[in-house]
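Reading through the structure tokens given below for one structure.
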Amino acid sequence: MENMFRLMDQDQDLTNNRCIWVNGPVIVGAGPSGLATAACLHEQNVPFVVLERADCIASLWQKRTYDRLKLHLPKQFCQLPKMPFPEDFPEYPTKRQFIDYLESYATRFEINPKFNECVQTARFDETSGLWRVKTVSKSESTQTEVEYICRWLVVATGENAERVMPEIDGLSEFSGEVIHACDYKSGEKFAGKKVLVVGCGNSGMEVSLDLANHFAKPSMVVRSSLHVMPREVMGKSTFELAMKMLRWFPLWLVDKILLVLSWMVLGNIEKYGLKRPEMGPMELKSVKGKTPVLDIGAIEKIRLGKINVVPGIKRFNGNKVELVNGEQLDVDSVVLATGYRSNVPYWLQENEFFAKNGFPKTVADNNGWKGRTGLYAVGFTRKGLSGASMDAVKIAQDIGSVWQLETKQPTKRSRGSLRRCISQQF
């Protein structure tokens, strides 16, 4: 509290605004990463506040994913800390099952985010040694500005906070429908239409597959090399198999084995216009964070001619698209499966821990979860949900050790006496 009074002395305007002192960390983001961190803090008896700009938890999953989506990895690699998936869930839970799991998770660990609070800025105040997090919350008729003052700030907005919209010559004048993959729900409304899917990652492949299954005519733009792996080999998860092999074999050998297995299951995909990178799939993931595509049926559709693979785009002209090889295609609709990016640079006023791309600078050193001055990041290590869970455990232990020492509380305490958040309004 001494720091709080020092902050008030040097900024008299605080008394004229709604200001909340948080007796614990502020977590920005109520997706899986933020929920995992909150749950681990709960187990450490550390109070917290979770700020979420949307009106629900896991808004990316609830509002910006397609209907057919399932987890790409087996559920044991996607569960959050302290709570496994229900035993009756399939190995690859559906979108709806994963959302149900997250909602149950939030209930179990008493996580009640402050919804519709969009963080405008967050900066560390050197004088007080505290973080100042300014938010704007909007209702139907009012707009409220709040400033949260805290000792610790956990950035949990993740790798996929904002859609990436490519700049393509003539796209703005295209006469058909253009949507980002985050607005795509089902191929049902595209039946019989010629749809150009821009992007060939997991989203691009699955959107193309879904379109083909709904009798659309998808063409998928593939500009660069990529690794496509079967999701399973002989009934076993390819990812799980890779993780087991890495315990015993060097990475280069694991990559060679995976490529042989992929060729055995999928055949030579390069003859369909899908060129593989020189770097192996696991090495590419480790070095550049580029995730291999896990095939769930798209390659078979490509082989049958149900999905057309095309090279890069040169320009749009009316309802036509000209490709870099000179070919022209008639197109009714365009789906931009061009990915997402971090939005951290837009609101976090800090450039020592985070780089301009919105990722921690120290990710490659396996220390991308902790910065200075009480700043933490969860879910930025490009290791999926399992990586976010590992970050969450480390962050909670780091903050919890300081909290327990300073408050001299026992590690465990009855749930009934646990205080989620101690706040004072000024």
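For all residues, glycine too, the Cβ spot is worked out from N, Cα and C.
According to Swiss-Prot, the protein carries these features:
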type: BINDING; residues: Gly29, Ala30, Gly31, Pro32, Ser33, Gly34; note: FAD binding site
type: BINDING; residues: Gly199, Cys200, Gly201, Asn202, Ser203, Gly204; note: NADP(+) binding site
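A distance of 28 Å separates the Cα atom of Gly199 (NADP(+) binding site) from that of Gly34 (FAD binding site). A distance of 26 Å separates the Cα atom of Ser33 (FAD binding site) from that of Cys200 (NADP(+) binding site).
Local packing around the Cβ, expressed as the count of other Cβ atoms within 10 angstroms, is greatest for Ala30 among the binding-site residues Ala30, Cys200. It is Asn202, among the binding-site residues Ser33, Asn202, Ser203, whose Cβ has the fewest other Cβ atoms within 10 Å in the structure shown. The two recorded residues Cys200 (NADP(+) binding site) and Pro32 (FAD binding site) have their Cα atoms spaced 25 Å from each other.
Each residue contributes its Cα atom, and for Gly34 (FAD binding site) and Ser203 (NADP(+) binding site) those atoms are 23 Å apart.
Within 10 Å of Gly31 (FAD binding site), judged by CA to CA distance, lies none of the binding-site residues Gly201, Asn202, Ser203, Gly204. Residues near Gly204 (NADP(+) binding site) in space but far in sequence (CB under 8 A, at least 6 apart, same chain), listed by position: Ala181, Val197, Val198, Met220, Val221, Ala337. It is Gly201, among the binding-site residues Gly29, Gly31, Gly34, Gly199, Gly201, whose Cβ has the fewest other Cβ atoms within 10 Å in the structure shown. Looking at Ala30 (FAD binding site) and Ser203 (NADP(+) binding site), their Cα atoms lie 22 Å from each other. Cβ neighbour count for Pro32 (FAD binding site) (all protein chains, 10 Å cutoff from its Cβ): 28. Taking the mean position of the Cβ atoms of Gly29, Ala30, Gly31, Pro32, Ser33, Gly34 as the FAD site, the remaining same-chain residues with a Cβ inside 8 Å of that point are Ile27, Leu35, Ala36, Thr37, Glu52, Ile57, Ala58, Ala156, Thr157, Gly158, Val378, Gly379.
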